[in-house]
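Read the structure below first, then the notes.
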C-alpha cells in the first residue's frame, strides 16, 4: 500500500487552487484542463480571434515545464511509473475525451473551479463522475470482471 | 503577451501541485477510487485543499469589474442540470476509473517518459473528436425530426 501523505496532498491541492485563482484574476478564465486542451487543439492561428486563444498553448507548455521542474528538481523521490496498461489507456482515454466534452468539464473545470464558484451544475457533475469512477474501479477490481482478469 | 505569461506561470504552478500531491501517479488515484480495497484518501485532501482556496479566493476576485489583463470574466453561464451533463459525467467517470487519469495528470505524466499518458492523451483527442461528430449529427437530426406544426 502506498504511503498516505495528507500534507503533500493538501499542499499540492492549495497550489492547484492558487493556480486557478491567478488564472481567473489575471485572465478571467476558468482553469478546466479538458477545455483548455480541446481549445488548444482547435486553434487556427490565422485569425485575430484565434490569436487571443494562444494562451492555451502557453498553459499546456507551462504544465510540461512544471512537471519537469517537480520531477527533476523538487521531488524527493521519483514519481512511481505504473505498469504499461495500453488497453486501459485507450478505452479510458476515449471515454474521458468523449465524456468531458459531453458533460462540459473534468476534475479541474467542474471540480476545482465549478465548486469554487458554488455552481450547482458542477456539484452534480462532480458527484456523478466521482461515484461512477468508484463504481467502475469496484467492478474492475472486486466484481465479476476481476474474476475474469 | 501578459495573458500568455500568466498562462505559462499558472500551468507551471498547476503541474507542480499535481506532482506534489502525487496525482500524477495513477495508482494513487485508483487507490482513492478503490473504496473496497486499501483506501488511499489523498485525492480527498487534494480536492479539499484546492476547493478551499477557490471557494474563498474566487469571491474576492469576482468582486472586481474585470480581470487584471483581460476585458471580461469568461465564466460558464449555464445552470441547468440536463441529460448530457449527467451522461457526460458518467462516461468520464467510467473512463477515469479504467485509466486512473483525468486530463490534468494525463498531461503532466508526459514528462515521466512512459507510454501510458501518451496513449491516454491520443485516445482522449479521438474521444473528443468523436463527440464533436456525434454532436453535429444529433444536432442535424434534432433539426429535421422536429415536428413543424405541433402546438401543445
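Yeah, the Cβs are placed from backbone N, Cα and C, and that goes for glycine too.
Here TrEMBL flags A:6-26 (among others) as transmembrane segment.
Beyond the transmembrane segment (A:54-72), the same-chain residues lying 6 or more positions past its ends with a Cβ under 8 Å from any Cβ of the stretch are 23, 27, 29, 31, 36-37, 39-40, 43, 45, 78-79. According to TrEMBL, the transmembrane segment annotation covers A:54-72 (among others).
Look at TrEMBL and you will find A:84-102 (among others) tagged as transmembrane segment. Beyond its flanks by at least six residues, the transmembrane segment (A:84-102) meets 34, 38, 109, 129 of its own chain at Cβ-Cβ distances under 8 Å.
Same-chain residues lying 6+ beyond the ends of the transmembrane segment (A:123-148) with a Cβ under 8 Å from its Cβ atoms: 99, 103-107, 110-111, 114-115. The transmembrane segment feature in TrEMBL is assigned to A:123-148 (among others).
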